[in-house]
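Taking it in order: structure first as structure tokens, then the write-up.
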Amino acid sequence: MLDPKLFRTQLPEIAAKLAKRGFTLDVERIQQLEDTRKVVQVECENLQQERNTRSKSIGKAKAAGEDIAPLLKEVDNLKSALSEAEQKLGAVQAELDEIIAGVPNVLADEVPEGKNEDDNVEVSQWGTPREFDFEVKDHVDVGAGLKGLDFETAGKITGSRFAVMTGAVARLHRALIQFMLNTHTGEHGYDEIYVPYIVNKDSLYGTGQLPKFEEDLFKLRDDRDFYLIPTAEVPVTNMMRDEIIDEKQLPVRFACHTPCFRSEAGSYGRDTRGMIRQHQFEKVELVQFVKPGESMAALESLVGHAETILQKLSLPYRKVILCGGDTGFSSTKTYDLEVWLPSQNTYREISSCSNFGDFQARRMKARYRNAETGKPELLHTLNGSGLAIGRTLVAILENYQQADGSLAIPEVLQPFMNGQTSISAP
């Protein structure tokens with residue numbers, strides 16, 4: 001959430017910055033509400049003061065033996081008027097709060113202009129796509145040939161956009177999780193944590209999924225307003241909700257593996273084949289909490305940590321900075337890492353790394369105590385995929401496929417596969 005003060009002091013400037021996203025701020029309505037709020041607030045303060053004055057007069061009149069009935073009537077009338085004014089003020093403030101809750105974060109100055117993913121800007125490339133001397137199969141056919149991927153059975157069990165993995169392919173999937181967690185905790189300084197896969201509405205509000213993106217979530221049929229997590233970002237980031245930590249504890253870095261659940265409500269007809277877009281998938285998430293002046297540098301290191309995984313796996317990829325129209329609701333700046341998929345002859349997203357500034361922290365009241373001033377200040381939050389497990393498996397199935405239908409196992413994963421170097425059809 002943006003600082004509400006900005007809507008009172010810098011409304012035109014905020015509207016101009018949000019336009020970079022293609023977001024139109026209703027400046028006229030906000031100004032109307034703010035003007036009304038000021039008037040009604042003054043009215044409430046005046047009525048409160050008048051009521052207090054009249055209440056004191058009652059005591060004096062009573063002590064002097066005077067008739068206090070007229071004064072009592074005046075106080076009752078003032079109470080009624082004050083109650084009515086307070087209700088009006090509450091309604092105005094509630095509408096303002098609702099509008100502000102639906103306003104996305106302001107973008108960093110360096111975020112490029114653009115409407116959608118076609119306007120994202122490539123920053124760098126790593127690795128050279130492999131040249132095949134045989135006809136390349138996609139991951140669905142490679143996995144089927146290894147008897148390790150079964151979408152038909154998953155469809156019978158649940159429905160579309162689910163997968164069953166078996167045998168060596170399932171072990172390879174597990175190996176990726178272990179490899180990523182070991183790398184991030186052993187080399188990058190993250191603490192591994194385990195969190196609930198079900199969260200409440202407050203948590204989803206804190207990280208920005210609610211109220212605007214409820215249709216993307218799986219809500220449980222329960223009177224407690226529980227949801228399946230769309231990403232570990234939600235429970236991990238909310239660990240700091242309503243907390244004030246000491247400055248000396250910063251930076252805080254968490255690595256967490258969870259399944260993720262998404263309705264893909266806006267993705268009808270897209271990536272219907274295979275594992276690219278699933279309702280349930282695994283991810284290793286990286287979350288950081290830092291001091292405000294350090295978040296942009298932290299974003300660069302966070303992206304580097306995700307890149308390390310791709311480099312160790314020798315998977316060609318590129319890094320792009322998202323344009324204004326493609327940057328997520330809560331983010332001020334986002335990099336995507338896109339891995340090379342030979343069957344599609346293109347790069348596909350495998351990690352998204354974002355700096356949220358104090359946007360999430362303000363919603364969550366996540367703060368640290370400034371060692372110099374002794375006062376609490378808002379943290380800056382960041383997160384990124386390190387990496388999406390399913391899409392990494394897809395990339396390995398395609399980039400490491402062999403002419404005879406077997407699959408070479410990346411060297412860094414072999415220790416997690418009991419030294420196995422390849423997978424062949426059983």
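Counting begins at 1 with the first residue displayed.
Each Cβ is built from the backbone N, Cα and C atoms, and glycine gets one as well.
Secondary structure at Ser385 (L-serine binding site), taken from DSSP and collapsed to helix, strand or coil, is strand. Neighbour density for Ser385 (L-serine binding site): within 10 A of its CB lie 26 other CB atoms from the protein chains shown. Marked as L-serine binding site by Swiss-Prot on the basis of sequence analysis: Thr231, Ala232, Glu233, Glu285, Ser385.
In sequence order, Gly328, Thr334, Tyr335, Asp336, Leu337, Gly384, Ser385 constitute the residues six or more apart from Ser352 (ATP binding site) in its chain with CB-CB distances below 8 Å. Residues or ranges marked as ATP binding site by Swiss-Prot: Arg262, Ser263, Glu264, Glu349, Ile350, Ser351, Ser352.
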If the L-serine site is taken as the center of the Cβ atoms of Thr231, Ala232, Glu233, Glu285, Ser385, which further residues of that chain fall within 8 Å of it by their Cβ?
Val234, Val236, Cys256, Thr258, Cys260, Lys283, Leu286, Val287, Asn383, Gly384
Closest of Thr231, Ala232, Glu233, Glu285 to Glu264 (ATP binding site), Cα positions, binding-site residues only:
Thr231
For the L-serine binding residues given in the record (Thr231, Ala232, Glu233, Glu285, Ser385), what is the largest pairwise C-alpha separation in angstrom?
9
Reduced to three states, what secondary structure does DSSP give Ser351 (ATP binding site)?
strand
If you measure C-alpha to C-alpha, which of Arg262, Ser263, Glu349, Ser351 (binding-site residues) come within 10 angstroms of Thr231 (L-serine binding site)?
Arg262
Tell me which of the binding-site residues Ala232, Glu233, Glu285 ends up closest to Ser351 (ATP binding site) in space, Cα to Cα.
Glu285
ATP site residues Arg262, Ser263, Glu264, Glu349, Ile350, Ser351, Ser352: biggest Cα-Cα distance, Å?
19
